[in-house]
Ligand SMILES: Nc1ncnc2c1ncn2[C@@H]1O[C@H](COP(=O)(O)OP(=O)(O)OP(=O)(O)O)[C@@H](O)[C@H]1O
Ligand SMILES: [Mg+2]
């Protein structure tokens, strides 16, 4: 069976620096797949290439076997791959509800003429329902009228995911979703991700919180200095000598 | 119900208003009405975060187009005005191809350059644009009657009523757009284009859409102007006018729909009543510049922020 996502020889060079170097991995449909590595390993850069934010210097990104490398980000999103950002990236000046509404953009495409003539009320209602469901899913229902920029850090992370979830993607790329969350919030969020996965969304997860990664992922790819290092189940990765070496040599330790 | 009463009261006030003022003030009312459409359409563009210096020239495109199709082809003036809007929208669509390769400051400069090129073309091609002298003897709006009122477009009052209806309709459409999912997407493109794009928004498409719509309405405003004053030339749409539009928008504030309109009304009243009475008309650009600087320094969110403060205080009570 073709995997949902496959990257082949994915490479990104910034001038002289090779941030990602001939990376290969596959994400199976229905899995929670972890992408780990020490700081600066190239995880975010990989996300940026998969999501279309960067054009790979070399290599390919295949979605359901189709080449999507180099497509602009909105085109990739329209093919069902939606991402969140490492640093909370929200519409800070808009309300929480409006943030989620933007997430419904692809399903309920705004139509200028219908909007002027008032013929889009049912689409607007459905979009509102969808946005509220997404907020509820991430426990944000009672802050929907607050400005996104005024939310606590944990809530902001959750809202980032709610915006992504509002488009009902096939594959969701989460870049360090647990940073800034307290242990209680992290635990709750892990439960939500399992539910998301059970609903049929495939998740590709970058995270430094090893307990969360080990507890959630079906499969983990580890990279270091842009290169593929190891792949396997959480148990295999935890005991992999190269992985331990990479983390001990790097800034952080495997928890 | 309360809203309905307010709107009816406003309509009555607008019907009565021109009968209370002098002839020259009636003329000012016509210009004010047209200028309101210019700033309101300008705001739609600023929703996506882009500021253009070509808006007034694009308004001129509508003026020239409407003047030409009515004069040369004998098109009925109301249709000419619509053609003017369409012409501006089309020019904006064409300009969007090079301009939206740029963002922010570069877009600003690019839009200025594009506008100057258009003005050069008007000057350069005497046929059909009339060169530096422009177009004279533009067809006026044909008189007509709606039973209770006889529109005689020799009178500014009639033209005020006519343009007020057209502008009100345009404002209503602009308002509907802003409050729609399309408007929300404009905001999204402005505040966080990365996230908008990750949510599947085609940034280029929405920037272009805002530019084209804003330009279309500016074109209608230009056409309204052309058929009122009867003569236009490249200098009717020069950068000095653009500075006025920017001043109205910035002094009023672009955070709300009514901000730029408020700026336009307040500054026009100031200009016409205060400056003209004091005989300081010639110093208008100077005074506008001063007001612009002062308002950026002391009122960065514009007049609308004062209105918001007042209404909020009332709500709190
Ligand atoms: N736009 C860019 N221009 C130049 N260098 C970049 C750029 N983006 C990333 N890099 C470099 O590429 C390398 C990989 O960065 P990346 O952000 O992908 O790491 P990461 O694995 O996400 O790290 P972290 O865990 O700290 O988020 C780093 O050395 C970084 O400095
Ligand atoms: Mg990163």
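Each residue's number is its place along the chain shown, starting with 1.
Each residue, glycine too, has its Cβ placed from N, Cα and C.
Those TrEMBL annotations? Automatic predictions, nothing curated.
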Residues flagged as transmembrane segment in TrEMBL, choosing from B:47-65, B:104-122, B:123-141: B:104-122
B:159-177, B:178-196 - the one TrEMBL records as transmembrane segment: B:159-177
Cβ contacts under 8 Å made by the transmembrane segment (B:28-45) with residues that lie 6+ beyond its boundaries: 17-18, 21, 51-52, 55-56, 59, 156, 159-160, 163-164, 167, 170-171, 174, 177-178, 186, 210-211, 213-218, 220-221, 224-225, 228, 244-245, 248-249, 252, 254, 257, 259-261, 263-265, 268, 272
Segment-segment contact (the transmembrane segment (B:75-97); the transmembrane segment (B:209-229)) at 3 or more Cβ pairs under 8 Å: yes
